[in-house]
Every structure is written in structure tokens, then in C-alpha cells.
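*Asks:* Handing you this structure, nothing more for now.
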Amino acid sequence: MRHLLSTAELTRDEAVRILDTAEAMAATQGRSIKKLPTLRGRTVVNLFFEDSTRTRISFEAAAKRLSADVLNFSAKGSSVSKGESLKDTALTLQAMGIDAVVIRHHDSGAPHRLAHSGWIDVPVLNAGDGTHQHPTQALLDAFTLRRHLSADGETPAPEDTALDGASVVIVGDVLHSRVARSNVSLLHTLGARVTVVAPPTLLPVGIEPWPCEVRYDLDEALAEAVPDAVMMLRVQRERMTSAGGFFPSPHEYHRRYGLDGERLARLPERCVVMHPGPMNRGLEISAEAADSPRSTIVEQVGNGVAVRMAALYLLLAGEEGIA
Amino acid sequence: MAGMPTREVLTASDISRSLTRIAHEILERNHGSERVTVLGIPTRGVPLARRIGERLAHTEGGAEIPVGSLDVTMYRDDLRGQPTRTLQRTDLPEPGIDDRIVVLVDDVLYSGRTIRAALDALGDLGRPAAVQLAVLVDRGHRELPIRADFVGKNLPTAATERVDVHLTEIDDVPDAVTISGGEAH
């Protein structure tokens, strides 16, 4: 594997190797000196065509902790706003002698295009493309879940383990969610059982072949799945371009698909609450659920840096990428 | 590889005696085990460190000797141009390495680059009072100004030869050090 574009391309062994490497990275992040010399002299470009604060900062922290130099390129106020194409941007970066590109793009497939076009010959890491994939988010979710399945979430998970037998319920705006797509395939690859719950209007056409169960009723689904984790998706109102029609009102959405205190109390005792952030409190998740001790939302952010360090290490440190 | 067949240069009992001697030399050099922490470099340095730790404890009448492991992969200068290395565990025993006499343990000392990486890794983890190096085999061909304080066996080799250390804990075979390959002497 030379790029990290989609969790659907990852084999089980590759995914487990990324998680194990991330544990090794996480172990270095509790030290007083967090910086490692591993990627000294390498340059990583954060190429962000879409607004993102947390993912960009997380990738930037990961690259810097490995001593890589980081160039931040955001579309706003750049040559892109003057009409430059992805190809010309790529050729420019290649000419500057970069060693990896982290790309976020509003169009699905842009990272794949960048990786396979021949414009550049460095590893490409997808940091989210349109409604397609966000592989490092799914990997950090799997990392967080793997820790909670074996212990309390702070203790490193045993090496060479996956998520076999775990039950995960993913709730909400699946239609617009690259996090959902990435998670469904990765969780399935790692042996977990996945249930997706959403109103029919927020499910994509063609969901049938996905390796998961699809339900419309959250309470029924939670009762049947007996989940180890509930993953709440952000309602992506900025992508809901057609005027309304996805759900009658925020209040009704919250009542039927939001994680409120009552549903939280009915979850199995070991079940954790996950959210990729940023949250719409009061819409898909209540403040009570978001701030409860079961919530792993802040943990997920910390784990994200370790997972991105692992991805950068595996793609950049050796000559071949993931063997 | 053509050339000399595989030959055993250290047997299980040779290895055992070497480790016992190294343990005694460590105690002699440091006037006891009071501040000694033993860190093995993965993979085979880790069980060797454990064995040396046991011998130190035994000789010192059951004193607690902190033993751990130090992965140096992320500090290596030869990561590029090779398949990506899998990261191993770093396990620092209480009470850490500050002001301790850290004895690094590895199986084979060759170019010295692993030890250079280990010294850098230690520097990021704390400030030991002293760092000493124990190796089972010193096969020569140093590329850096590094030497071992405690050596099981000095083994002059040709660069084309291959030295293999087999340890029961890892390889599931009896302990042995073998040399293979290279030109006929």
C-alpha cells in the first residue's frame, strides 16, 4: 500500500498494523519530549480545499511530532481561488520537492485522482473527500473502540487484535457522511457487526451492498444490537443544499434520532458514545450524552494524532510503504 | 549463500556463562546494583536483558533489578531505502532512567548505528547518570565511534558473513550463536 485513500482498500492485517503502530506512537505522546526524529528532513503538505480545523491541526501535530516539516495550503486566498486546477497545484507542489500530501477536498475522488494521475509520485493521504471517505477518522475510531473493548480506554490494547464480535451502531446523517462510509467498511474488515440507523431521507441510494444492517428506528435498533459503541454522526446542514425535506424539524430529528439522556440510560453498561466532531449539541446528541463519562469524544481527538503519526510513519519512513 | 556452511560459535552453555560473567562485570564496575537499570533493545536484546537482570538479582541476594525494553526504530538513520520496520515496545521500569546507570543490552554489536539510535532515544526519555553497553557478540566493522563495556564474545567476521543469535524465548530452539555465508577462510 502506497497511499491511504479509503478504508475499503485496507486488508485486515494492514488495518491491525496501523492500529498497533498507533499504540506505539501513543506511548511516546505521554513523555515530556514528544518529538521523534523519524521523519526529519521530510516535507508534508496539508492541501485543504475544504475548511477543517481539527483534522488539519491533527495532521499537522502528527507530522511535527515526527519531525517532518509541514506546509499548509488552504484553498481560500490561494492560487485555487484564482482558478488553478488540481493538476497545476499538484505539479507545483511536486516541483517544490515534497514527500507526502495530505488532502481534503469537497469532491469525492479527488485524493484518488491525485494519487493515480501521475502528476506527483509521493504518498497521498485522504483527509476527507466529499461524501466518500475519511480513513484516518475511521482508524482513530477503531483505535478508540479497540482500547475500550480490552480495558478502560487509556490502557493500550493488546497487539495484533481486531474488533471481532463487537457491535457498533452508527446513527444519523449517513447520506452526507464520509465518516459513516469509512467506518462501515473498516469495522466490518476488523470483524465488528455494524448497524446503521437513519431516517430513509438520510440514507444513500444503493446502501444495500454495504456490509451492515440498516434500520429506521433507533430505539428498536439499540435494543436489538446491544451495542459496544454508538457512533453519532453530525447532521451536515451545510451539505443539505435542496431546501429542507430531509427531516421535518430539528426538534423531531432529535426526538427520533438524537442521543438524549433517556436513550443514554438504556444503553448497555459497557457501551461508549462516539462522535467525530464537531457536534451539534441538542440535535444529534444532547449535552447530557456528550458530557457523560461514557463519551469518548475528547479521547478520539487525542487518539487521532497517534493514528495519523502511524499512517505517516508507515507511508513515509520506509521506501515501500506498508509492506 | 555459497561459501562456508553454518557453524555454531557459541553453544547454550557458552551463552549462559557469558551472561553470568557480564552480570558480574556490571556489578564490579558499578560497585553493586544499587542504581542499575537494564534495558534490552528489541528483539533479542530484551530476553538477554531479562537474563542478565535475573543474574544480577541472584548475585545480589535477591535485590530488585529494574529491567525493561527500549525500541530505537524511530531514531534509526537507515529507515529509508528499506521495507518499513514494525515498531516494538518501549517499556521503562520504575523508577525511570533519570540519574540511573542504564545498561543497554543487545545481541550483536556491528556497525554501532543501533546503539547510536538508542543513545538518542535515551536522551529524549531522561538523563541517566551513565549509559553502559552489554552485548552478547561483538562482530566488529564499526561505522561509528562506539564500543561495548561488556562483551560476551569478540567474534572477528567478514562483512559478507552472517551472524545469527538464537534464543529459546524468541526462536523456540536451543540457545546458539551461528555464523554462515562469506568466503572460505
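Here the Cβ of each residue, glycine as well, is placed from N, Cα and C on the backbone.
Heads up, TrEMBL stuff is auto-annotated, nobody curated it.
As the structure is a computational prediction, the values presented were derived from the model and not from experiment.
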*Asks:* To which of A:R31, A:R104, A:R255 does TrEMBL also attribute binding of carbamoyl phosphate at the site defined by A:R54, A:T55, A:H134, A:Q137, A:G277, A:P278?
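*Replies:* That carbamoyl phosphate site, as TrEMBL gives it, pairs A:R54, A:T55, A:H134, A:Q137, A:G277, A:P278 with A:R104.
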*Asks:* Determine which residues of the same chain, besides A:R54, A:T55, A:R104, A:H134, A:Q137, A:G277, A:P278, have their CB within 8 A of the center of the CB atoms at the recorded carbamoyl phosphate site, and list them by sequence.
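*Replies:* These residues sit around the carbamoyl phosphate site: A:S52, A:S58, A:A127, A:G128, A:V179, A:P276.
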*Asks:* Which one is closest to A:G277 (carbamoyl phosphate binding site) in space, judged by CA to CA distance, out of the binding-site residues A:K82, A:R178, A:R234?
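*Replies:* Spatially nearest to A:G277 (carbamoyl phosphate binding site) by Cα position is A:R234.
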*Asks:* Got a sec? Which of these binding-site residues, A:G277, A:P278, has the most Cβ atoms within 10 Å?
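*Replies:* It comes out as A:G277.
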*Asks:* Given the binding-site residues A:K82, A:R104, A:H134, A:R178, A:R234, which one has the fewest other C-beta atoms within 10 angstroms of its C-beta?
*Replies:* A:K82
*Asks:* Would you mind pulling the DSSP three-state label for A:R104 (carbamoyl phosphate binding site)?
*Replies:* strand
*Asks:* Looking only at A:K82, A:R178, A:R234, which the record lists for L-aspartate, tell me the maximum pairwise CA distance in angstrom.
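*Replies:* 32 Å is the greatest Cα spacing among the residues binding L-aspartate.
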*Asks:* Rounded to a whole angstrom, what is the largest C-alpha distance between any two of the residues A:R54, A:T55, A:R104, A:H134, A:Q137, A:G277, A:P278 that the record assigns to carbamoyl phosphate?
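*Replies:* Max Cα-Cα spread across the carbamoyl phosphate binders: 16 Å.
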*Asks:* Show which residues of the chain containing A:T55 (carbamoyl phosphate binding site), separated from it by at least 6 in sequence, have their CB under 8 Å from its CB.
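*Replies:* For A:T55 (carbamoyl phosphate binding site), the qualifying residues are A:R104, A:A127, A:G128, A:H134, A:T136, A:Q137, A:G304.
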